[in-house]
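A.B. asks: Starting off with a structure, shown below.
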Amino acid sequence: MANITTNPESAGGSLTARALREGFYAGIVSLGLFVLFVGLETTQNIRNELVLRQRWGLLLTFVLVAAVGRFLTVAYVRPWVAARKAAAVARVRDESAPDSFFKRNFNAIAIVALILYPILAMLIFGVQGSLKWVDNFGIQILIYVMLAWGLNIVVGLAGLLDLGYVAFYAVGAYSYALLSQHFGFSFWVLLPLAGILAAFWGMILGFPVLRLKGDYLAIVTLAFGEIIRLVLINWTEVTRGTFGISSIPKASVFGIWSFDVGAANNFAKVFGLPMSSAYYKVFLFYLILALALLTAYVTIRLRRMPVGRAWEALREDEIACRSLGINTVTTKLTAFSIGAMFGGFAGSFFAVRQGFVSPESFVFLESAIILSIVVLGGMGSLVGIAVAAAVMVGGTELLREMQFLKQIFGPDFTPELYRMLIFGLAMVIVMVWKPRGFVGSREPTAFLKERKAVSGSFTKEGHG
Amino acid sequence: MSDTLLSVQGVETYYGNIRALAGVDVEVKKGEIACLIGANGAGKSTLMMTICGSPQARTGSVIFEGRDITRMPTHEIARLRIAQSPEGRRIFPRMTVYENLQMGASLDNLKYFNEDVEKIYTLFPRLKERQAQRGGTLSGGEQQMLSIGRALMARPKLLLLDEPSLGLAPLIVKQIFDAIKVLNQEQGLTVFLVEQNAFAALKLSDRAYVMVNGKVTMRGTGKELLANPEVRAAYLEGGRH
């Protein structure tokens, strides 16, 4: 099936004919391909004999999908794409035209929408019904947004490929779990502490890998992530190994209102509301939202400060950095430790949300997912990463909702098992379509119109 | 023009077991343009990098303003105001021209940025036209200008230029050499230049060295070497650049 470009103007009868022809060929080819794979199946009958079962219906589906898909591609999708391309070329970009209101205020609108989200969910689905929306979608996505934003500092800004980021997540989670159980510290004390501990581990990782770059760095960080996980599994006296640590205390609203059922200052009791775990989830939603926004704010600020610019310069050219008097050692270490700190915050939040931590939650796959969110979103772009996290994590969560698929594929079909398959497929598609991620272009940190204001802010900080 | 700014004494530099510099002595005095010419692989760029401490010299010493900098890390050498426009320019491709220049001024935390950037723009007006453009989208000549401009933003006492004419059109090469001359004559900037373009470099230089296989084989003023028959035969005949 040769890829022949068509001229959209000559569309019409010949195009349809060609589409039909190509669709027919596609059908033939897929028939040839699938007749043995799909059309026939060997099974054992009750006497343990191998029998051939015919699945013509399924084969027909495959062939039809190929044929119709090809027909639609040739007849409609390709001319549409070509027309769009032509239109994009024809359209002279008017630089002076202001962006639409939505585009200009995208960030503000998104934040307001997120703040209203749990309230809307409660209004629409009721207090109990909102649980799923706030917890599975809201909190789950925001955790990944925060993790990806934290990793973005290391990978996106400083260009240090880190495949073991989940280690810091684990450090944060276990710091909270262990310290709260053994010493009874509250969440608000342990949150910063978990961040500091994770940052400390970031430094520990940073020192040995200072001289490494690219692939070598990736492998060492991967190993680091595995070491942390294996320590968690095997150091049973402290971590209880694979059993994990359960009944981790809940967070409270700054100690004023508690969410423990028996407590006198229980949130629902104080406000005379019916008992529900939904309030706690809503509280957690706002908590992770605040933490994620803190990450974004710090990232934006840092990018405009000498240390942030040194990170970006480091990503571009390490030798040039050194010859400009930038200390690459401290620059790398700050990137690792600040990135790790946010991982630690997210980890302690994770522990408080689950109430249970075990090494199972900190496998390499998690690192890979976080990294792929950063790459898909466009390295360095906060908005792109948030969108990627929403699409990827939200999309896989949505799979759980797609019960109608059972009607098509039979009752044994569990859509969430195809999670990674779809994740990978989506990644391939995005990378083909936008190789630099959703938001691929780097936003300059110095704007010529605001030169004074920007350069003034540079002079405040000492150089890292 | 008598006091020595930089002196390289008996420097030997190795890449693993391979000796790239075999006892090099070079001197650069305050306010002059010194140049080092030589064929590919002679060790010119290695000398440049050794002055900046990466790789460090195994024996011998590098003295800047009477201070031994042989064992100092690169970024601290840069803080002594030795600025470098390295081989291959090494600008930051995804940053804008303006941001590249800001990176150059990071030693002083941009204290003198606004006044210095205007000086750079007068020297290389092209950079002003391109200031909002990303470094990687510039032409080779513009990138070289940016690389020199970025080095100048650090207010250097010594400017090291590694093959500023590499791969550039003759007209652009002339612009860049003119700019070097202006910097030297008007601002008294000391320049140490490594070049393959021997004719243009020697014409410009107060002091010149010829390097062959990791050793300095000839030294003199630029004019002397230009007139030297050996130099002419090896580096100048066979087409002026």
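Every residue, even glycine, has its Cβ placed from backbone N, Cα and C.
Predicted automatically and left uncurated, TrEMBL annotations should be read as such.
Feature list, courtesy of TrEMBL:
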- A:24-44: transmembrane segment (TRANSMEM)
- A:56-77: transmembrane segment (TRANSMEM)
- A:108-129: transmembrane segment (TRANSMEM)
- A:141-171: transmembrane segment (TRANSMEM)
- A:183-204: transmembrane segment (TRANSMEM)
- A:216-235: transmembrane segment (TRANSMEM)
- A:278-300: transmembrane segment (TRANSMEM)
- A:333-356: transmembrane segment (TRANSMEM)
- A:368-396: transmembrane segment (TRANSMEM)
- A:417-433: transmembrane segment (TRANSMEM)
A.B. asks: Residues sitting near the transmembrane segment (A:108-129): Cβ under 8 Å, six or more positions beyond its termini, same chain?
C.D. replies: 102, 138, 273-274, 276, 278-279, 281-282, 285-286, 289, 293, 386
A.B. asks: Taking pairs 6 or more apart in sequence, does the count of Cβ pairs under 8 Å between the transmembrane segment (A:368-396) and the transmembrane segment (A:417-433) hit 3 or more?
C.D. replies: yes
A.B. asks: Can you tell me which of A:56-77, A:141-171, A:216-235, A:333-356, A:417-433 gets the most C-beta pairs within less than 8 Å of the transmembrane segment (A:278-300)?
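C.D. replies: By Cβ pairs under 8 Å, A:141-171 leads among A:56-77, A:141-171, A:216-235, A:333-356, A:417-433.
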A.B. asks: Restricting to CB pairs under 8 Å, which listed stretch, A:56-77, A:141-171, A:183-204, A:333-356, A:417-433, is in contact most with the transmembrane segment (A:216-235)?
C.D. replies: A:141-171
A.B. asks: If we call contact 3 or more Cβ pairs under 8 Å (sequence gap 6 or more), are the transmembrane segment (A:141-171) and the transmembrane segment (A:56-77) touching?
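C.D. replies: Contact between the transmembrane segment (A:56-77) and the transmembrane segment (A:141-171): absent, because fewer than 3 Cβ pairs are under 8 Å.
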A.B. asks: Which bits of the chain, at least 6 residues beyond where the transmembrane segment (A:183-204) starts or stops, bring a Cβ under 8 A of a Cβ in it?
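C.D. replies: Beyond its ends, the transmembrane segment (A:183-204) has Cβ neighbours at 167-168, 171-173, 175-176, 228, 249-252, 254-255, 333, 336-345, 347-349, 352.
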A.B. asks: Sequence-remote contacts (6 or more beyond its ends) of the transmembrane segment (A:333-356), Cβ cut-off under 8 Å?
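C.D. replies: Hits for the transmembrane segment (A:333-356): 139, 143, 146-147, 149-154, 157-158, 160, 162, 165-177, 187, 190-191, 194-203, 205-207, 210, 244-251, 284, 287-288, 291, 294-295, 298, 302, 307, 311, 314, 464.
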A.B. asks: Determine which residues of the chain contact the transmembrane segment (A:56-77) at the Cβ level, with the cut-off under 8 Å and only residues 6 or more beyond its ends counted.
C.D. replies: 1, 6, 15-16, 18-20, 22-27, 29-31, 34-35, 38-39
